[in-house]
Amino acid sequence: MAMRQTPLTCSGHTRPVVDLAFSGITPYGYFLISACKDGKPMMRHGDTGDWIGTFLGHKGAVWGATLNTDATKAATAAADFTAKVWDAVSGDEVLTLAHKHIVKTVNFTKDSTCLLTGGNDKLLRLYDLINPEAAPQEIAGHTSAIKKALWCNNDKQILSAADDKTIRLWDRSSMEEVKQLKFDTAVSSMEYLADGEILVITYGKTIGFYNALSLDLIKTVDAPAPINSASLHPDKDFFVAGGEDFKLYKFDYGTKEELESYKGHFGPVHCVRFSPDGELYASGSEDGTLRLWQTAVGKTYGLWKCVLPEELGSENSEPLYTTPPEIKA
């Protein structure tokens, strides 16, 4: 009998969780940041979901949040027409970057010296964090609100997805559009994997995988329900997706076969991401919670501890968890 998935539930937010991101693996482990419509992004230990702190300062819903690779800096995008940069160790606000409209997305370069933002004013902005007083570089071209913007190709190029039903690839040095993908419906999410240069996007019920440099299609997979977010495992053997039917789906990346599905939330799933070590994935939902799910169910990792049948002195016992069915982190 298959073991039952036991997610860790991270409470604390009071409104829908709309974005989440992991840091890289640091000497202190890895970390997770969540963006929420309550205006109070939170930082947690990535492997346990334990709360570390809340970044206080925004005066509206926070739509996007990210951590730099070593988890020393955080950035947030909000409905108060600002993006903010934070010291992720102390929780102090470092910079407020004023925009002309709602900001939806933020992303650091690998060296944390430049911040990319995008939002409802249809412009991509590049802020020099070494010289924050300088006016940002601006890239125009999208005709509707920008939903997500990411650095790619060793920070030499930028990928952006917008409500104009396009994904565009831009050259950082020339600020020109290199290529564009058009869809019949708005793209709901976008993930970039530097290892292999893979772009994962969702639109309608479809999860699409593209080469991030050429924007050539690798494959598409259709899910049973409209999907809001998907994430490819670092080893590229499977991917997870979540959406409007409150469920999380796990698919084999090679065969496209649906492997598992779990109803773990009490509202639509807005965001899902694998941890940097691939041992778990996190989901954020309309229900105001984050949940952490094991990639390999039954493995001892983080707060999950599995008691194997032989340890119970019986050959026929079902595998038992030492954790209760729902763990509040």
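Using N, Cα and C of the backbone, Cβ positions are placed for all residues, glycine too.
Below 8 angstroms of C-beta separation, residues 15, 18-24, 26, 28, 30-31, 33-43, 102-108, 110, 112, 115, 117, 119, 127, 129, 132, 148 of the same chain, each at least six residues beyond the ends of the repeat 'WD' (55-96), sit close to that stretch. Residues or ranges marked as repeat 'WD' in TrEMBL: 55-96 (among others).
Here TrEMBL flags 96-137 (among others) as repeat 'WD'. Across the range of the repeat 'WD' (96-137), the DSSP-based residue counts are 0 helix, 21 strand, 21 coil.
Annotated repeat 'WD' per TrEMBL: 139-180 (among others), in sequence order. Mean predicted confidence for the repeat 'WD' (139-180): the pLDDT average there is 97.
The repeat 'WD' feature in TrEMBL is assigned to 262-294 (among others). Proximity of distant same-chain residues to the repeat 'WD' (262-294), defined by a Cβ-Cβ separation under 8 Å and at least 6 residues beyond the stretch ends, is recorded for 5-11, 13-25, 30, 32, 34, 36, 44, 46-49, 189, 191, 228-235, 240-248, 301-302, 304, 329.
Sequence-distant contacts of the repeat 'WD' (139-180), counting only residues of its own chain at least 6 positions beyond either end whose CB sits under 8 Å from a CB of the stretch, comprise 64, 102, 104-105, 107-111, 114, 116-126, 186-190, 192, 194, 197, 199, 201, 212-215.
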